[in-house]
Structure formats: structure tokens, C-alpha cells
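Q: Encoded as C-alpha cells, here's the structure I'll be asking about.
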Amino acid sequence: MPQVCESPGSSGSSTPSAQSAQSAQLATALTSATLRRVEKRLDAGTLAAPLVRRAPALVLPFDARSKSRLRATLATGEEVALFLPRGTVLRGGDVLVADDGGLIRVEAAPETVLLVSAATPLALTRAAYHLGNRHTPVEVGDGYLKLEYDPVLRDMLLRLDVDVAEALMPFEPEAGAYGGGHKHGHDATFAEDFALAQQVFREHHGHDHAHDHGHVHGPGCAHHHSHAPAGAVDPRAHAAVSPSDDSQSGQSAR
């Protein structure tokens, strides 16, 4: 009986390169499955200091600390998987809790930053204003500003007549006034910023607030209105009164 010989690649079996890729994917999946999962963060000072000091350190720069999904390596060499709530920004001193109950302490890694100082508080305030206008994360200290290294921002700051020095230091910028994460660029966040601003405005100046706003009338003020009791029609809805209406109402009164 004649034998049938299959040529390489004619069978359904994978090629050596494909088998190698599949093996690598399987190894990655198995490794990820065995990583400790970190989903909880505790503020600094929540636990006793000696307990925290014994925990392995997770040393990360600011950009990595701004990511809620991250595969990171501890100082011990162990890899862990971070699955923190969206928008979480880790700070030095924070404590993470792994799924096995183990603790991990967060440290801010030294990174290249721009250290800004000025001869006068006014000059430093102007620099802070222009950086904030660009939605730049800034660490505010006693007599200094600190930001991630950026050659464009460095040139801008030098034109504002402040001192700018490059340094290798931990970076802990201010948290956003409205919350949220790490963002760059005004155009990319305009819609969200506008919505947040409207929300704050409504909370302080909504139509249903209880206090009254007085009206200041100067000479020549021609509009007429009366302040109705609570629950009545909004007194701010003024109707225009024509001269003919005035004459008719006067005749009725007589």
C-alpha cells in the first residue's frame, strides 16, 4: 500500500513560529493570573507606621501613579496588577491592599522636573496663573513651583522673568479642584470643565435658592415690578408697559 507523505505546512499543525507565539501568549496569561491583584487604597496615616514600614515599596513616577490599571514591579522584584477605581492618583505615603491582605506602600520616584522660583511673590503668582491656564499639573510649595519637565513650558516661564532649574526630585502636584485625573491641554477638557463650572454655578446661584437679591435703581429706571410673596410668580419676569396701557389704567382708577 503506498504511503502518503505530507509536505511541511500542508497539515493543520502550526508552524514553529506560530507555536512559539502561542506559547508566549499562554505564558503571559498564566503569569497575569498568578499576580497579586491590588484594588484598594488607604490614605497615609491610616495604619500604624511600623506596620507600613515593613510593607514592600512600590516606587513610581507621577505619570504611572496616575494610572488606575497598571502592571507594576515592587522594590522586592515581585510584579503586581493594579486595578484601582478610575481617576485614582496615588501619592507617596499611600498604602495599597492586595487581594491576599498584604500591604504595599507607595513612594514617589525621583523624576526630572522644573523647579520654579522668583524674586517676588507676584512674579511666582503670575507663573502659577499661566501654568494653571494650560491645565499643567503643578506642585505648589513654600516659595516654589514644581512641574514635569517640558522644554516649551520652560521657555514660557523664562519669558515671565522667573528662575527655572532642572532637578531630579519626587513630584507631587496639587489635586484638581473638581477632582479627576491627570489631564493635559485645555481643548481636550473644555467640555468637561465647562460642565463642572456650570454645576458649581448652579449650586451657588440656582433659581431655587432661598436668599433674595436686591435691585439697585438709579435715576431714569423705567421698569416697574413688585416683590411677591414666596410661591408667587417670579418677580424678575417684567412685562413691558406701553403708554396707552398707562392711560387706560389711569382712566379705570378714576
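Even glycines carry a Cβ here, placed using N, Cα and C.
All annotation found in TrEMBL is predicted automatically rather than curated by experts.
Taken from TrEMBL, the feature compositional bias 'Low complexity' covers 7-23. Annotation comment: TrEMBL describes 206-215 as compositional bias 'Basic and acidic residues'. Look at TrEMBL and you will find 216-227 tagged as compositional bias 'Basic residues'. The compositional bias 'Polar residues' annotation in TrEMBL covers 244-254. Sequence annotations record features per position, and here TrEMBL assigns domain 'UreE urease accessory N-terminal' to 41-104. Summarising the annotation, TrEMBL assigns region 'Disordered' to 1-23, 206-254.
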Q: Restricting to the domain 'UreE urease accessory N-terminal' (41-104), report the mean pLDDT as a whole number.
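A: Mean pLDDT for the domain 'UreE urease accessory N-terminal' (41-104): 94.
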Q: Reported in the order helix, strand, coil, what are the DSSP residue counts of the domain 'UreE urease accessory N-terminal' (41-104)?
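A: Residue counts for the domain 'UreE urease accessory N-terminal' (41-104) by secondary structure: 9 helix, 22 strand, 33 coil.
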